[in-house]
C-alpha cells in the first residue's frame with residue numbers, strides 16, 4: 001500500500017502543479033481515437049463518444065495481450081524481454097521528458113538543454129537496468145516501477161473527463177474477465193508461467209525480494225515441500241518435550257518413496273508412501289501384546305510423572321493427527337499447496353497497470369476538489385485491502401482493479417454530488433468548522 005499511496009500522491013501533486021499549463025490540454029491518444037470531447041457537446045454526445053473510446057481502447061488492449069500470449073506460448077521470451085525494456089525506456093524518456101521539461105519551465109529551474117538531455121538519458125538508462133537486472137537493490141527497482149506508473153498516469157490524466165470515467169470502468173471489467181474467465185488472456189499467461197516456473201517478462205511491482213531460505217527449487221522444476229511431523233525428544237530420561245521437525249521431500253521425484261516414523265508414548269506410527277496415489281497408514285497401539293523397549297521405558301517413566309506425560313500425550317496426539325491428515329490428503333492437493341507456498345515465498349506482485357489507473361482516478365478527482373481526492377484515496381486503499389484478503393483466501397492470481405475502481409468511482413460521485421454540497425453549505429453557514 002505504501003508504493004500505491006506514493007504514486008497517487010505524486011500524481012496529485014503533478015496535476016495541481018501543471019493544471020494551468022499548456023501541457024495539461026487534452027491530447028489525441030489511443031484512449032480517444034474515435035471521439036475527442038468538446039465543451040460544447042451535450043452530455044448524451046459525451047457519453048456516447050466516451051463509450052466508443054472505451055470500447056476501442058479495450059479491444060486494442062485485448063488484441064495486444066493475445067499477441068503477447070501467443071509469443072510467450074511459442075517461447076519468444078527474448079523478444080518479449082527486449083520489447084519490455086524498450087517500453088520502459090520509451091516511457092521514461094519520450095513520455096517522461098515532456099513532463100520533466102514542463103516542471104522545469106513551470107518552476108523556472110535554471111538548467112541548460114545539454115545537461116537536461118544528459119540527466120534524462122541517464123535516468124532512463126538507469127531505470128531500464130534497474131527494472132530488468134538482478135544485481136540492483138530492490139528499493140531502486142521499486143522506485144523506478146513507481147516512477148513508471150507516475151509518468152503513464154500523468155499522461156492519462158490529460159484525457160477528457162467523460163472518457164476517463166467510462167474508460168476506468170471498462171478497464172476494471174476487462175481486468176475481471178481477462179484474469180478470471182477460462183479463456184482470459186491474463187489467466188492463460190499466468191498459467192503458462194506457473195507451469196513453466198518462469199518469471200513473466202512484464203512490468204510488475206514486487207512487494208519483497210524473491211528469496212526464501214525454506215523453499216527452493218532445482219533446475220528441473222521440482223520444488224521442496226516441508227512436512228511438519230512430531231516426535232518425542234529424550235535428553236536424560238527425565239526431561240521430555242515435543243520436537244517439531246521439518247522434513248523436506250520432493251513432490252515430483254522422491255515423494256513416492258518417502259517413509260516416516262513418528263514415535264510417542266501412545267504408540268508407534270508408520271506412514272508409508274508408495275509410488276501410486278494410494279497411501280498406507282499403520283498404527284500399533286500401546287495396549288498390544290508386544291511392546292518395544294523404548295515404549296516400555298516410557299511406560300515406566302509415565303508412573304513417575306503422570307501429569308507431565310498427560311500433557312505431552314495430548315500435544316503429541318494432536319500433532320500426530322495433523323501429520324496423518326496431511327499425509328492422507330490427495331497428492332494433487334498437496335502439490336497445489338506446495339506451489340502456493342512457493343509462489344507466496346516470492347512475494348506479492350502488482351501489475352504496473354494497477355498503479356496507473358489507481359493514480360488516474362485520484363488525479364481526475366484532484367481536478368475537482370481535495371475532498372474527492374481524500375474519498376477516492378480511502379476507497380482505493382480499502383479496495384486494495386479487500387483484494388489482498390481475497391488473495392489470501394483464494395490463493396491464485398486475482399484482478400486488482402475491479403474492487404478499487406468500483407469503490408473509487410462510487411465514492412467520487414457520492415462525494416461530489418452529496419457530501420461536497422453538504423459540507424460547503426454547513427461551513428458557509430458556520431454550522432461546521
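Every residue, even glycine, has its Cβ placed from backbone N, Cα and C.
Here TrEMBL flags 1-23 as signal peptide. Taken from TrEMBL, the feature transmembrane segment covers 50-74, 86-105, 111-132, 162-186, 372-393, 400-419. For 285-313, the entry in TrEMBL reads region 'Disordered'.
Of the candidate ranges 50-74, 86-105, 111-132, 372-393, 400-419, 50-74 contributes the most Cβ pairs within a distance under 8 Å of the transmembrane segment (162-186).
Counting residues 6+ beyond its ends, the transmembrane segment (372-393) has Cβ neighbours under 8 Å at 1, 4-5, 8, 12, 348, 358, 361-362, 365-366, 399-400, 403-408, 410-412, 414-416, 419-420 in the same chain. Panel annotation: around the signal peptide (1-23), residues 98-99, 102-103, 105-107, 142, 145-146, 149-150, 153-154, 157-158, 205, 350, 354-355, 358-360, 362-363, 366-367, 373, 377, 380-381, 384-385 of the same chain, lying at least six beyond its termini, place a Cβ under 8 Å from a Cβ of the stretch.
Within the chain, the transmembrane segment (50-74) has long-range Cβ neighbours (under 8 A, six or more residues past its boundaries) at 30-35, 37, 80, 160, 162-163, 165-167, 169-171, 174, 178, 185-186, 188-189, 192-193, 200-201.
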